[in-house]
C-alpha cells in the first residue's frame, strides 16, 4: 500500500448536511458581542508593557511630576526669602510647603476615583488652572496668609488633582516594566528640582522674586499643554464603586504598607526643606553654595530613581528593592550627625539624595504593584496618598520645631528622622511577609 493511501478523503457533504452545519456554526449577534467583550476584557487586563502610546504616558507622567514635585521639593529656594520678607521662624514657614505636599496626597483619594470614573482630562484642566493661579498669586503675595493660601492651599490642591491620576494612568500601561516606567515618571521630580532652583538662582538677582516666580509659572503652563496632548487613558471608566474602598484595609499587606509609608515619608522630605538652611546657618556656607546643595540633592535623584527601578524589574522585585533603600536612608540620616564641613555635606547630600529618591520612586511603583484589579488602581493609590498626607503635613514643621527648641541644632531632628525610617523599613518587611503568606494560602 502506498503512503498516500493512509490519507482519508472526506466525502462531499449533501445540501441537507451543509444546511445543518451552517445553522450549527452560525454566530448570533449576542454571541459575537460576548466574544468581542471577552477579547476586550483580555486586552484591558493585559497591559501592553511598551509601545509608543505607553511611553508617551510615561513622558506625560514625567512632566506632571516635574510640575508638581519638582516645584514643591524646590521649596528650599523660597524658605530664606520668606524668612526675610515675613520675619517668621522656620517652623511657621515650613507649614506652607508641608500643607502643599499634604494636599497633593490628600486630594489623591478623590482624584484617583475621578480617574477610575473616566474624568482624567477634566482633572488635568482643573488641576493645572489651580496650579497656575497659585503661582501667579504667590508672585504678588506679601503677607504670610497670602503666601499660605497661594502656595500652600491653591497650588497644593492643583498638584494633588493631577498627580494621583497620572501615577494610576502610567501603571495601567505596564506590568513587567512597571517599576522602571513609574520611576522614569518620578524622575520629573529630580528634573524639576534642578530646573526651578537654577531659574531662581539666575533670575532672583536680576528680575526679583515676583518675575522669577512668574517665569516658573510659564514653564509649568507649557509643559501642562504638552501633557494634555499626550495622555490617553487605557481602561474604560468604572462608574460604580465607593470613593474609599475600606475592604482594602482588611488585607494585611495593604494595611502594613500604608503604616510603613506613613513613617517613612514622615522623615524623608525634611532634608529637602532644610538642606540650604543647614549649609547657611550651621556650616557657614554662602548663598551660592546653599543653592548648589539644593541642586545636588535633586540631581542625584535621577540615578536614585532609575537604577533601583531597573534592578527591581530585572532581578529582585519592587518590595525587595524598596526595603534596603529605606534602611540605607536611615543610616544616612544618622550619619548626618557627623557632618561638620561643606565638603562632607556635599558627600552626604549625594548619598542621602540617592536613597531618598529611591524611596520617592519605589513608593508609587510598589503601591501600584499591590493593586491587582487595575480598574481600582486610581482609588487604591489615592487612598494611600491620603494617609501619607498626614506625614507630609506634619513632618517638616515638626522638624522645624525640633530645630527651634534645640537652639538651632539639628541633632534631635536627625535622630527622629533616622528612627522613623528604621520603623518604616521594619513595617515594610512585615508587609512583604504578609504578602508571601497570602500567596502561599492561595496555592
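Any Cβ shown, glycine's included, is placed from N, Cα and C.
Nobody curates TrEMBL annotations by hand; they come from automatic prediction.
Feature annotations, reproduced from TrEMBL:
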COMPBIAS  1-10  compositional bias 'Basic and acidic residues'
REGION    1-25  region 'Disordered'
TRANSMEM  54-72  transmembrane segment
TRANSMEM  92-111  transmembrane segment
TRANSMEM  123-141  transmembrane segment
TRANSMEM  147-168  transmembrane segment
TRANSMEM  180-199  transmembrane segment
TRANSMEM  211-231  transmembrane segment
TRANSMEM  252-272  transmembrane segment
TRANSMEM  278-303  transmembrane segment
TRANSMEM  315-339  transmembrane segment
TRANSMEM  345-369  transmembrane segment
TRANSMEM  381-399  transmembrane segment
TRANSMEM  411-429  transmembrane segment
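Contact count against the transmembrane segment (381-399) (Cβ pairs under 8 Å) is highest for 92-111, out of 92-111, 180-199, 252-272, 315-339, 411-429. Tallying C-beta pairs under 8 angstroms between the transmembrane segment (278-303) and each of 147-168, 180-199, 252-272 places 180-199 first. Against the transmembrane segment (180-199), stretch 54-72 has more CB pairs under 8 A than any other of 54-72, 123-141, 147-168, 211-231, 345-369. Between the transmembrane segment (123-141) and the listed ranges 92-111, 211-231, 252-272, the one holding the most Cβ pairs under 8 Å is 211-231. Cβ atoms under 8 Å from those of the transmembrane segment (411-429) belong to residues 256-257, 259-268, 270-271, 319, 322-323, 326-327, 329-331, 333-334, 336-337, 398-399, 402-403, 405 of the same chain, restricted to positions at least 6 beyond its ends. Here the transmembrane segment (211-231) touches the transmembrane segment (54-72). Their Cβ atoms form 3 or more pairs under 8 Å, with each pair 6 or more residues apart.
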